[in-house]
Every structure is written in C-alpha cells, then in structure tokens.
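Scroll down for the structure; my scribbles are underneath it.
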Amino acid sequence: MAMLRKTLMMTAASTVLTTGVSSAQTSSGEEAVAFKPMFGDIVAFQGDILPFTRMTNSLTGDITPFAGDLVPFAGDLVPFTGDLIPFAGDFQPFHGDFTPFYGDISPFWGDITPFWGDIMPFRGDTSLSGDIVPFWGDLIPFADGDVVEGGLGNYWAEIGPMWGDIYAFWGDTAEASSPDWENVRDEFAGLVSFSAERWGTAVAQETGKDFYQGFANELLSAFGLDLDDPASFAEMDAASRSAFFMAWYDGLMAFSGIDQIDHWMPQIGWSPLLTQEQGAGRDARVGLIDASISLQEDTFEYLVHAGGYEVETTGHGAAVASLIAARHDGQGTMGIAPNATVYAYNPFDATGTADTPDIADAVSTLAGMGVSVINMSLGVPGATFHQDLADVMTDPGLRAFANDVLVVTAAGNEGAVQTTDVVWGQGGLLTSNLILVGSVDVTGQISSFSNRPGEACFVSASGNCAEGDRLMDRFLVAPGELLLVADNQGGTMRASGTSFAAPLVTGAISLLHDRWPWLQQHPEETAEIIFATAQDLGEEGVDAVYGHGLLDVEASQSPIDFADLTVYAGNSNIAYRTSMGRVKDAVLDPGTLDLLDNGGYYLIAFENVGDTSRDFRVPLSQMLHGVNTSLFGRVETFQRHVARRLMDWAHTTSAAGFAPQTLAATREWSLSFTPTGTGQGEGFIRFHSEEDGLTMVGGLGTGLHNLSQVEGFTAPDAFDPRRGGANPMLGLAAGGSFAAVAKELTGSLSLTVGYAGTPLEQVQQDLFTGAPMNGERTFAVQNNVAAHTELSYAPSERMTLGFGVTALNEGDSVLGAQGGGALAVGESTSSVGLTLSGRLGLTERLGLSATATGMRALATDTNQAGLGVAGGGILASSFRVEANMTSLLKEGDRVTLAAIQPLNVEAGALSFNQAQVTDRETGELGMASNEWGLSGGPRHLAFESAYAASFRDDRMQLSAFTRYDLNDVDMTGRHNALSVGARLAFTY
C-alpha cells in the first residue's frame, strides 16, 4: 500500500494549494506584522523545457523525457494580494508562502500542456536487466521488466498529444454558448481508459486493486470530476485542468518503480550517475535549520534530530531536506547527496516562528556537531539578507567555526531588491562563510517572487564596502518553481520558493565535501568553487539580479579551468607545488603500444583553489569509466564526467599531434597510404669486394633490408613497427642514416654488423588535421639508435637462414610511445631482441620469406620523470610472412602476398610516478607509482596483396595494393579496416 499512499499524498498536495489560512495574532492579542511573500506575477514554467538534452541512451534507448514544449504555467500567477500568515516572531521558513489560496488567487491560471509534442521520457525498450549507466548509473530501475504495458516511454509519447487535444477541446467547450460536456467527458474517459490499459498491472501489483480503485477514483474525486456526471467537467477551470494533469503525471510515475525525474535536474547539470561517481555524499555532514521532520518520514537514509523545538510542523523541513538527501530507492524524490548525514535542528516554536537567539543556538549547535554546511531556508520578510541574520552570523561565539562551516541561506520570496546595506561585525563568521540563493524558472529567468541582491553590500561598522562583499558577490540562483519534494508524511508534493533553490546548492556542496573531505575545513574555497562554476546569467559577470549565475552541479564537481590543472610527476617537489606540467601539455603518442582496452590509465591532476587544492582522477582509458578503485582505505569512483568535460575542452583547441613525421615523404610512403613518413630522401651506396667477400652499404631513409643477408623484405613499410612485421626494433630507429658491413666467413656463412638511426630533423603533425605544426614542440625530437648483428647461413642457392641480435636505445620513447609535458619519458629506454628469418626460392619465379622477432624493453627509473617501463620490462613480438612471384601477367611484373603481425606487447607495463592524495581527510600528498598494463587486447593482424608492373619501356608504371587490418588501434579506437590503393605514373 506504500505506493498508493504516495499517490494520495501527491493528490493531497494539489488540494493543499486551495486551502485557506486564518489570521494569526500574538499572545498579547496584537496583530503581527504581515508577511506578503510573493508580490508580482509568477510565470512558473514559461517556455520550452528540455530537461534531459544532455542525457542520451539513458535507459538503453534515447531519452528525451520532456522534449516537447512544456508550458505548464504559462500565464500569470497572482497568488497573494492580501496579508498572509502573520507571525509573532521575526523568522519564518519560506514554505507556506507558496501555498496558493482561493479568493483573489488564480493558482494555476493559464495554459499548461506539460507533455505536448515529442515527449518521450523513456523512449525505447526499458525492459532492462543490467546496469544503466548514462543517466542512472548503477541504479537498476527496471530490473523486473517494464512496468507499463507497451513501454513507459511510449505511453507518455502517446498520452501527451492526447491530453493536448482534450485540453484544447475542453477550453473551447467552456467558451461555447451551448457547451456539450458529454463529448468532453467521453474524450477524457478515453484518456483514463487508455491509461488503465497501460498502468493497470502496475497499480494492481502495488495496491491489490484495479486501476480505478487503486488510483484514478481518488484523484478524480480530489478534483471534483465524475465520469458518470458530464456536468462535473464544467466546474473545472483552466488552472484546475492544468493542475490535474500534473497530478496525473506525478501519481502514475509513483507506480513506475523509479525515483521521479524532475525538470531541475538537467537544468543544473545533475544526474544520479554524477552523485554515484562523487560518492553520494557518504562522508558529508549537513546541518539543516528548519521545521521538524516527522519520524514517519522515511525518505532519508541518515537523519539525526539535532535539537530545537519538538512541535508539529508544516513539513517544510522535510521538503527542503529531500532535495539534499532523499534516498535513491525508486520512491518519489531524489536528493543530490542521498548518503549524506543530515543533522536537523528546529528553531521554530509552536507559533511557527523563531527569534534571533533560536537561530544562533541552532548555528552553534550544528557547527559544534561537526557539520560543514548548514542550510537555512528562512529569513525576515522583505529582505534578501536581513540585518538580524547578520547579527546571528557575527556572534562572537561562532568565531571558532569560521574555518569549518559554510552557511547557505534562501534569499526570500517577495520579489524584493535589497537596497539597504548590511553591517557585518568583526566577531563570528565571515562573509566568506555565506552563500545566498535566489530562484529561477525553467528558462533561467529570475522568478518573479525571488528576492535579489541589488547593489547592497556587507559593510563594516564604519560603512566600508570591501571588494567581494557586495550581496551579489555572495549570491547565485537555482531552480525554485514547482519542485517535487517530500511532504513529511511519506509522500510527495510540489513546492515553490527560494527555500527549495537553496538545498540544491547545499546538495552540490555536500558532494564536494564528500569527494574532497579537506574542503570541509575550507568554506571560502568551497564557496569559490560553487560561484566560479555557475552559468553566467543576465549581465555579463556578477550582476545585481543573478549574482554569479545558475548553479551547475556537474561543473562544480569538475575543474574550474582545465587549462590550469597541474600534474606532479617524477621528481616534482610537491611540498612547494613544483609541477612537471599542466594537464593541457600532457599528451601521449601510444606509438606501438595498445593503450585502448587495458585498465589502469589515469592522470591525477590538481587544481589549486585558494589555500587548498582538489585532485581529479582523469581516466585515459574507456575501461576506467565508473570503475571503483581503493586508495589508502577509501574507495573512489573514476570521474567520467571529468573525462567528458576534458574532451569537450580539448576539442576546442588544436590537438597536438601524437605522431612524429619527417620533413618529406617519399613516393613509396605515399603509395602505401601510411599516416606518417620517415624518409628525408632515399638512396644508398653499396660497395662489394668479391675477392675479400666483403660488402659495405650506407644510406638514408628506409632501406633497412640492407642490414640483412636474408632477401625478401623490401616493401617500404616492412620494418614499420606499426604496420610491417619485420624487425620492428630497426623500424623504431628508421628514417635517418643506416650502414652495414657484411663479411663472408665461409662459402655459406656470413656475418653482418650494422646500425640505423632516426633523422636529425623531425616535424610534428596535428592529430586531427594532419598538417605540420610549427612553433613549440609537443614531443622531444626522437633520438633512437639501433645496432644489429646477424649471422646468416645459405645451405643452398635457394635457401638462406638468418639469426640476428638487435639492441635499441630510444632517447625519449618506449617502443615508439612518446609523451609530452608530465607524460614525458624520463630516461632512455634500452631494448634487446632476437630475430629469426629465412628465404626459400620455391621456383625461379616464386619465393617465400618469413621473419619473426622477440624483444624485451628493460625497466627504467621513473623517479626523475613520470613515465617509463615498469619493473620486469616489456616483452613484445612481431612476424611477417610473404610470398613473391614475378612475371605472373607479363614479363617483369611482381605480385606480393603477406601475412603480418606488427609489434605486439605480450607482457609488461608502463610505470607512471605521480603525486596523489595519501590522506583523503587532510588532503596530504605523496608520490606513488601506477602501472599501466599493456597486454591483453586483441592481437593486431594484417593481410596485404600488391601488384607492380611497368609498360612502354618502363616509361609507365602501375602499382596497386589492398590491405586488411584486423583489430587495428589508433586514437579513434579499435577497428577493422580495408585499404585499397593504386598508382599510375608516366616518365618522359
């Protein structure tokens, strides 16, 4: 029956909106000062609402929950034309202010078409059995299958236009001279019947009753509608019709088995997934100075009654607290920090008011209990921040907590602009301990009822207004109109006011204080993060209406400026914050290494804020998104939202190329369609002495086959470690000069000694455009040298076997992987490899060649710089098998077929030495080494065919090739690729 109760509470909330209030008096019989909370018109949801434009594929399909025009309260709301809720004390919560009353009030005046147009809250198949990560994260809202016949998304997609037609027809009928209410009733009954077909099973499962008895009848009755009495439809005005459909939506969604999505969530960049990634507030302590929360309210996981009056209340405290910390349990509201502990203190006595000592006691009590943020959705009518509240905040007794607590307070609901300065005394808390919160509608416009900071200032006793002490400097806004909140009786209701904008800010702060606990002792820096990441509204910069702008929860949990993120790696002096580089300069060319699928790749970047800093674990591998890691006894979740925002930021600038390229590519390279060139001009000189059995060769470019006596590997890219398969160690040192000396030891045995080196001049290319990049280099010039020794044996004229040993020294890379900035390779990498090769001439025209290499890169010291080879080294292999035939179609033509495995890591890891937080309570830093495993991905294989022929006395050359790569990896991901190319050249 719990779901039924929730539904009825939602219905009751609509009823509350039509309840009158009698005048209150003081104990002496004198009438109290009147409170007029909402001067002006309220246009609660004017404009289009696209709440989840950021959330795609949320429930294994596209999610566009309210993608059509949502104009629920497009007209003017003039709720309070007279005196309302006079109280004897000075303070009262901003809650009852938004309970519209009949009389001069039009509570839902205007058109409301909440689900008109293309509204598909859960488009696609929602019969899910696994994790739903893009919006919900690890929540499994539909674990038992779709609760709605035909699909939840499909229902709202169909019901929206249906309601729009009924609403319009209803309005036209009401204005007709001879209204036909039977037709209205019939159309409306069709909507109810359609809903019964779709929701009947869900209602029966929760209530044990059919759709009408378990849900519809109670709601229809609450709005005075009777399906058997057409005349009852004449009694409902436009406002009530609008209210009905919102109640219909809220009521049905209570049976959906998921916490309800609300319009404010995407507006401030929040999702349950973000909360999960940030720790859900589990280590945050939140103070709440508000009306008591009923013991029957089970919305909260961790709730402590911290003191104050024990009196019956309006439910304002529960409503506010639900936006901060309501459970994510499939029942109604969702709080931003559901695992935070809420310490609730009620300063309001039986009159519903509180005096200055009550508020002072509440603040000091909660601060003494160790809360790091206090939410106060209360104030003095007519002021954005009243002098009496300033007197509370500056009480000398609170001075001890100036470094420990941040106070978030609602701005009030009279639509007033503060014109009076506030004197801020020297004792107690500082203005830096304060955040003021106003309200905006769903379009980001300031709510008509929201108080504004104006040009007022927090001044000293002498009247001086210091920099940063204007009210607008401590002010921002958040959604505050018709938010779904707990009703203090186990159900939900909708409420409006700055009271409900403030807890959204408090919830964001709770996530900050959970993810970075040391920020709990830095209230000034915490506030600065909230202000600096707000979305600017109104006039550019801080203004007198919106202050810093609109709360952005995701932005607050992300770096303020990615360009300022710093990495402490290698020999960084973290005590003095001496860094190896900024994140924007930290780039990595994977070279031959497959960094795509293996876990463990992340940078720990630091952002300095005031006197402290925040660390961000930026995942570099898709596998790390959402992976829990345990560091120093505390489990943390990788911040995929940080990686996403980093990518968005990075793509706004020209990306430094990850591939080195020499000055000029040869015609062979251009024919082979490889992404980079390695030659600066081809050619070599060969000297041979038949008498001495001595051969010497030297040259520039890619003629590495000259370093072996085993013939057959003459393709331009045969030694390319990324593509070729022949000795990749020589390929890593290719492009510059090479030389070799071969000596016949016997008639069939020869010894060859040679070397190869990278070119002296190298140019980088832009990763995305491929264009050469001028200016400061991202990577150091590669300075690689390989020495090669081969012993070859020819038992017959048609067979040659070779055994070679290669030593490679890479000056600034590891198997071709080269880093920049904090990811620079600290020491030169030494590798040793063995190569077996052979050539067999099957016929005079047909030959078969094969080569295989196994190598080991030795461990390097990462204490001097961040990146290197982990202990144990890196084991890698490659092979190439090819068949060559000549004169197949014409005399002198050549056909080549090849099977290739480019350089592949079999075992090993990179090591990255970087600073990280070793004590997450204090933020203390220490150096630690992380290993990035390199093996385990699918093996890259390739298959090639090539044909070359010349015509007309060699004045015309034709060449063509095809290549198929299986499990190839580049910066765009892993894929299979087919390449086809041809070249026709004429010589005159």
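Keep in mind that glycine also has a Cβ here, set from the backbone N, Cα and C atoms.
Listed in TrEMBL for this protein:
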- 1-24: signal peptide (SIGNAL)
- Asp290: active site, charge relay system (ACT_SITE)
- 312-549: domain 'Peptidase S8/S53' (DOMAIN)
- His316: active site, charge relay system (ACT_SITE)
- Ser499: active site, charge relay system (ACT_SITE)
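Distribution of TrEMBL features across the structure.
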| residue | record | Cβ within 10 Å |
| --- | --- | --- |
| Asp290 | active site, charge relay system | 29 |
| His316 | active site, charge relay system | 28 |
| Ser499 | active site, charge relay system | 34 |
### Query
Over the domain 'Peptidase S8/S53' (312-549), what is the model's average pLDDT?
92
### Task
Using C-alpha atoms only, work out the spacing between His316 (active site, charge relay system) and Asp290 (active site, charge relay system) and round it to an integer in Å.
7
### Task
State the three-class DSSP label for Asp290 (active site, charge relay system), counting H, G and I as helix, E and B as strand, and everything else as coil.
coil
### Euclidean distance between Cα atoms of Asp290 (active site, charge relay system) and Ser499 (active site, charge relay system), Å
10
